[in-house]
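Only one structure is covered here, and it is reproduced in the block below.
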């Protein structure tokens, strides 16, 4: 039953991506991106719905051409979550998705083209209340910056970002957020640290092209964890070569670890050893699969023996300590004994019961507040 995060977040300007606040005092938003063919409207809508079910706050969709722009409009009509259109090179695509109700434009002013084209995009965004994300990436730095620095560096990423920020400043447009991504953890972290000191706009965090499910999760947890622990970051996206739903799960796990967001079960489990009185690994795998639908923030401890079990169980909403028999704790107090027979079924029932009680209590607090 862990408390609020001790992290003091960086002060930033609040913007709105659809109905989701970003920056200021808003919760850190979890974002993902579709990896379907945008022209396949049904497949893209289905994937977005899976992301929504996983708890995503904002979804980015690649819009590489005008056909995709028209498909984007159809997708937008069929989903409720805010959508970001990822636009490069052709400013007319940005203008079209603005007409079709996009919630945010992800552009790089440097590759949109002439000043008049950037102005046209900014004017369309301003007229419709659409924010912009300036997305700087180590893999696509401007040629003059590559020549100046010799290779991507934190300073190069920040100079690129500030160049685009100044571009929007000249057009008197402040409704934007910024990202400075790199696949190298140290480069990305230092770039965000430098940028955070120089602008007030929200920062979208990510380690780009982080890798597959395991390696990408580790890189993202290390990099984003460092920044978030320093109070830097207003939205996050975990870039994984995997099912985008995994990006959302990992994102929430990172935020839960830092007590920055609470959603669903926060499991505390031992790695198990020969002292375990039940199969901890099997029990955890079954519980995680069965309880994915629970949204109520709940701490659940699953400890295989009495060495650390009672201590961890007393700190959880629901705790299981291995023994002969096993002992269940509810809100830190011993509640009942369980044998290994039907252990997972009984534990699931108790967790769901506690989740329902907590949801009711939380709702009552909101009403009284």
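The backbone N, Cα and C atoms fix where each Cβ goes, and this holds for glycine too.
Around the Cβ of residue 312 ([4Fe-4S] cluster binding site), the same chain contributes 268, 270, 301, 303, 319, 321, each under 8 angstroms and 6 or more positions distant in sequence. What Swiss-Prot lists as [4Fe-4S] cluster binding site is 270, 273, 305, 312.
Within the same chain, the residues at least 6 positions away from residue 273 ([4Fe-4S] cluster binding site) whose Cβ sits under 8 Å from its Cβ are 304, 305, listed in sequence order. Its Cβ taken as reference, residue 305 ([4Fe-4S] cluster binding site) is surrounded by 19 other Cβ atoms within 10 Å in the chains shown.
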